């Protein structure tokens, strides 16, 4: 009797184990979906809850009010939520990886999006989300990030991200702060037309290819050492720029129309590969903080009502110079001395203050003033005319050169044209929008 009981118990255990195995094997670890799979209701999303991995591209839209993608850990493809005008919240907190892109676009009443476990994605686009107040993720790896036309007050979903190709944040009018641990930016870091009190903090950033900041209130880049291409500050409410560890800018360095700017501190900056443009910063009376700058590979262009310009270590300007101040207290003596020693090359040298003007036609191949046989020097008592950059010029130029994934391939050709505009003979009239476009295009 005991033997029969033991045999029966063993048989029951084997049967249960086989049933469990059969049940487990019926749950697929990977589910292939069509390249254009769509979900318009929660029941459509529930079909994927038995899959660890989705292979394909999933688009969510329609009349969905709240949405959740449960249990899925990986998408080998893209996840797009588009034009779901009734959607108020979405969560995919098991999702860890998306091999292509995460796109949230044209979701007019979406208030929150939660991707709490998401660590890796190729690109993220948060575009036209006028009601969103919360975006959660644990992103550690992303190539491209675009955040545009949202109501986010802060960007907190990237606190673990260390490197990125493109980080573009624009037209988020409620934005007040961005703090990021990113260490390298291999393409471009751009912030434009966000809230006018936005504070930018990238204190771990060591190297970037391009940085462009517009309509920013304060910035902190405590450890930035090198800009491979260009750096631009245009139409900000910044009061000071402190980049004390920065030593090299590969192309253009522009500081334009920052009305509240009073102080510059670039004490370690020694080389600018392209143009240095400092124009129409009305509060910047004394231009200093460039004490160790020795070489400007392009044009030196400084325009405003400044009383002093301290470039005491400057040895070489390769693209000519145009320095114009409305103040009669500004002296051109230091720049004229540098030009006479052959330190300023290019097409022309112009230096004006409120009382006098000096203009020299240069030979771009000459090595010194003494070797020139056709140089003409003219002086007059006419007052310097200010080159004024308006907000309309700035926005028109910025609009013409805005970053988008579709225009990335053409940006290099536009940039080369922009550099040509910057390098035009300074003695000639340069259209303001053209100059600003050139500046902005060169830092994209």
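Please read every residue number as a count from 1 along the shown chain.
Yeah, the Cβs are placed from backbone N, Cα and C, and that goes for glycine too.
According to Swiss-Prot, the protein has these features:
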- 57: N-linked glycosylation site (CARBOHYD)
- 76: N-linked glycosylation site (CARBOHYD)
- 86: N-linked glycosylation site (CARBOHYD)
- 196: N-linked glycosylation site (CARBOHYD)
- 210: N-linked glycosylation site (CARBOHYD)
- 228: N-linked glycosylation site (CARBOHYD)
- 235: N-linked glycosylation site (CARBOHYD)
- 242: N-linked glycosylation site (CARBOHYD)
- 263: N-linked glycosylation site (CARBOHYD)
- 292: N-linked glycosylation site (CARBOHYD)
- 305: N-linked glycosylation site (CARBOHYD)
- 329: N-linked glycosylation site (CARBOHYD)
- 359-418: region 'Disordered' (REGION)
- 359-381: compositional bias 'Low complexity' (COMPBIAS)
- 395-417: compositional bias 'Low complexity' (COMPBIAS)
- 419: GPI-anchor amidated asparagine (LIPID)
Task = Please name which of the glycosylation sites listed here, 76, 196, 228, 235, 305, is nearest in space to residue 329 (N-linked glycosylation site), Cα against Cα.
result = 305
Inquiry  = Comparing the glycosylation sites 196, 242, which residue's C-beta has the most other C-beta atoms within 10 angstroms in this structure?
reply    = 242
Ask   = Can you tell which of 57, 86 has the most other C-beta atoms within 10 Å, given these are the glycosylation sites?
value = 57
Remark   = Here the 10 Å Cβ neighbour count for residue 263 (N-linked glycosylation site) comes out at 15
Task = Looking only at C-alpha atoms, tell me how far residue 210 (N-linked glycosylation site) is from residue 228 (N-linked glycosylation site), rounded to the nearest Å.
result = 7
Inquiry  = Going by Cα-Cα distance, which of the glycosylation sites (228, 292, 305) sits nearest to residue 196 (N-linked glycosylation site)?
reply    = 305
Query = Looking at Cβ-Cβ distances, which residues of the chain lie under 8 angstroms from residue 228 (N-linked glycosylation site) while being 6 or more apart from it?
reply = 207, 208, 209, 210, 250
Note = Checking the glycosylation sites 57, 76, 86, 235, 263, 305 against residue 242 (N-linked glycosylation site) with a 10 Å Cα-Cα cut-off, in sequence order, leaves 263
Task = Measuring CB to CB from residue 76 (N-linked glycosylation site), give everything in the same chain under 8 Å that is also at least six residues away in sequence.
result = 53, 54, 55, 56, 99
